[in-house]
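Step one of this worksheet: look at the structure below.
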Amino acid sequence: MSETRDEILKQLERLELPGGGTLVSRDMVRALSVENGQVRFVIEAPSPDLARQMEPLRAAAERAALSVPGVQAASVALTAHTPEAKGPQGGGAPGPRIGGHPTGGQESVRPEGVRSILAVASGKGGVGKSTVSSNLAVALARQGRRVGLLDADIHGPSLPRMMGVNQRPASPDGKTIEPLRAHGVTLMSIGLMLEEDKAVVWRGPMLMGALQQMLSQVQWGDLDVLIVDLPPGTGDVQLTLCQRAAPTGALVVSTPQDVALLDARKAIDMFRTLKTPVLGLIENMSVFHCPECGHEAHIFGHGGVRAEAEKLNIPFLAALPIDLETRLAGDAGTPVAAGEGPMAEAYLALASRLIENQIA
Ligand SMILES: Nc1ncnc2c1ncn2[C@@H]1O[C@H](COP(=O)(O)OP(=O)(O)OP(=O)(O)O)[C@@H](O)[C@H]1O
């Protein structure tokens, strides 16, 4: 498939644009996908006016794709930035375009100075993956590790809020991106490159391209560990990370609830298929201690994740309670692990365990 892709791009290189350059050299091809002989991509024009004039070029691009052996059908769409929009990702400032199609076939996109990449995953949404990622990152940094945190949850990036950052990362040369720093952690989120409140409507290839950019264009520097907060589920982003960045392993977060565990099992199975070791399971929202009477309530069930870990012979790393401070601290932009108290200690203990086991 990647040979077909390369050949299509080669054909598109031949289509000269009126102002000079080609569709490829001017980076106007988006979301190129090849599936069972069906080719699809989008030509992104600099303005709606130019897009209207580019219809003959669109048709020529379709013919060029069809001329490649193995291609049975080609569908090419034209799109444009609106001048008032702040780029496809918002923000106005010049900078790298996020969400292009992935490049470079199966080449590694692992950042050079990063010793270990740790994926934090869950089957189901809302189980606390981002809460665990941000607190674990802060706890590791407090123990002297050089930590990076990449929010790869493209459809629902929540780390900027949880880490208390909202400025757009700088890109002095328009290609590389300078990550931000918060609570001792080097941080990058796709949410910082997109317009807040705008839904991301991207196909798989654009998601894969965006992750690739976040790994290879961000100046991560030398890190002991890069924690990648994945979107929930088993999709293109997970696949790209495992195949192109060779993570050291994955931590899977789940609540003890049956429906969450069911999905967690799927995530574990996906990592096994992709040959990424699952290094541990974490139970979040495992118990609620009533602050008034001290009563323990198992709102989402009890012990399910520990039992699952034993069954699958995967280390059970932590049982984190439902905790008001955790929620409030996350909403306020200073993770609970940055302070003092039982939850900060729980995250510091989790971080120590990962350091002792040379995972982070
Ligand atoms: N242990 C906890 N105690 C109390 N609230 C929690 C806890 N863990 C997470 N939360 C809260 O639950 C909500 C969802 O958590 P979070 O965003 O971390 O989940 P997620 O799995 O990353 O979600 P998504 O599927 O959107 O990526 C947040 O408001 C967070 O503050």
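Heads up, the Cβ atoms here are built off N, Cα and C, so glycines get one too.
Annotated features in TrEMBL:
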type     : residues                                       : note
BINDING  : G123, K124, G125, G126, V127, G128, K129, S130 : ATP binding site
COMPBIAS : 88-103                                         : compositional bias 'Gly residues'
DOMAIN   : 5-76                                           : domain 'MIP18 family-like'
REGION   : 82-111                                         : region 'Disordered'
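Everything TrEMBL records as a feature, shown here on the structure.
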| residue | record | Cβ neighbours (10 Å) |
| --- | --- | --- |
| G123 | ATP binding site | 23 |
| K124 | ATP binding site | 20 |
| G125 | ATP binding site | 14 |
| G126 | ATP binding site | 12 |
| V127 | ATP binding site | 25 |
| G128 | ATP binding site | 23 |
| K129 | ATP binding site | 25 |
| S130 | ATP binding site | 26 |
Can you list which of the binding-site residues K124, G126, K129, S130 have their Cβ under 6 Å from some atom of ligand 1?
G126, K129, S130
Within the same chain, and leaving aside G123, K124, G125, G126, V127, G128, K129, S130, name every residue whose CB is within 8 angstroms of the centroid of the CB atoms belonging to the recorded ATP site, in sequence order.
S122, P232, V253, S254, T255, A260, N284
In the domain 'MIP18 family-like' (5-76), how many residues does DSSP call helix, how many strand, and how many coil?
26 helix, 21 strand, 25 coil
Through the lens of DSSP with three states only, how would you label G126 (ATP binding site)?
coil
